[in-house]
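Here is the structure we will look at.
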Amino acid sequence: MAQEMAMLHDIARCSACRACMVACKQWHDLPADMSTPFEGQYQSHATLTPTTWTLIRMTERTDDKGKFNWDFVKTQCMHCGDPACAKGCPEEAIDKLASGAVVINEEKCVGCGYCVANCPFDVPKINPQTHKSTKCDLCFDRIEEGITPSCAKTCTADALQFAPYEEIEEIARQRVAELKAEGHPDANVYNPQGVGGVHMIYVLPEKPMVYGFNPQSKTPVSIDIWKDVVRPLGKLAGAGALVGVLGLAAVKGLTGKKKQDDDENGKGEH
């Protein structure tokens, strides 16, 4: 059985070189978004796109002491432990692998957009060319071969680390202790339990809200109702309808056979 893995993004170490973005496109053979308009800033895209699965968000802010800060946050699929996208997919086209990677099966995907609507992190996007949902797959194919995901492999600032889940948790705790000792009393590990924990863990020098993270992120209750109540009932209703149709066909078949037998035996004459 594959070992559960996780990736760590240490925001304090990120230099926004964007090598991770390039490596992601190279490994997955994703084209450049040539139509993306210039937004008047260094950030390459306003958000993730069907062909940009990881993005360095750049945010300018001034802290309580008047100090200017430029924050760099790597954005991609969080690979939730309790993925709303997989729960909501009516075609069961999204799988959570033993490694922790949450992966879309494009052959099964019908482009319904349920995953897009229910992701707490607004990650999946529908590709208008293929009409399929797309997102970061944590380079699951590399993981299966014992190779580090392309983004973490290419990071020269040591801002991205990839290792077994428990090891990443320990590294994150140690980094938070270091940041607090360096004068960041609000340093913390962002790993929201409302979504079953994530396999893309962050070390944040400040509170999650500063970087646009919701500390209360959770799997929508509506998805649990859909998965555990509505969908099973729908399948039962569908099965019931099928049984009814088959039953009716069987009755009609038997009735027709009996009439034919009666006619042959002269019982059908009046």
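Including glycine, each Cβ sits where the backbone N, Cα and C put it.
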One of C24, C119, C139 listed by TrEMBL as binding [4Fe-4S] cluster 3 at the site of C77, C80, C85:
C119
Do you know which of C14, C151, C155 TrEMBL groups with C24, C136, C139 in the [4Fe-4S] cluster 2 site?
C151
C14 ([4Fe-4S] cluster 1 binding site) to C109 ([4Fe-4S] cluster 4 binding site): how many Å between their Cα atoms?
34
With C85 ([4Fe-4S] cluster 3 binding site) as the reference Cα, tell me which of the binding-site residues C20, C115, C155 is the closest one.
C115
Looking only at residues six or more beyond either end of the domain '4Fe-4S ferredoxin-type' (66-99), which have a C-beta under 8 A from one in the stretch?
1-5, 9, 11, 14-16, 20, 24, 48, 53-60, 105-110, 112, 114-115, 117-121, 123-124, 133, 135-138, 140, 143-144, 151, 159-160, 195-200, 202, 210-212, 219-220, 223-224, 226-227, 231
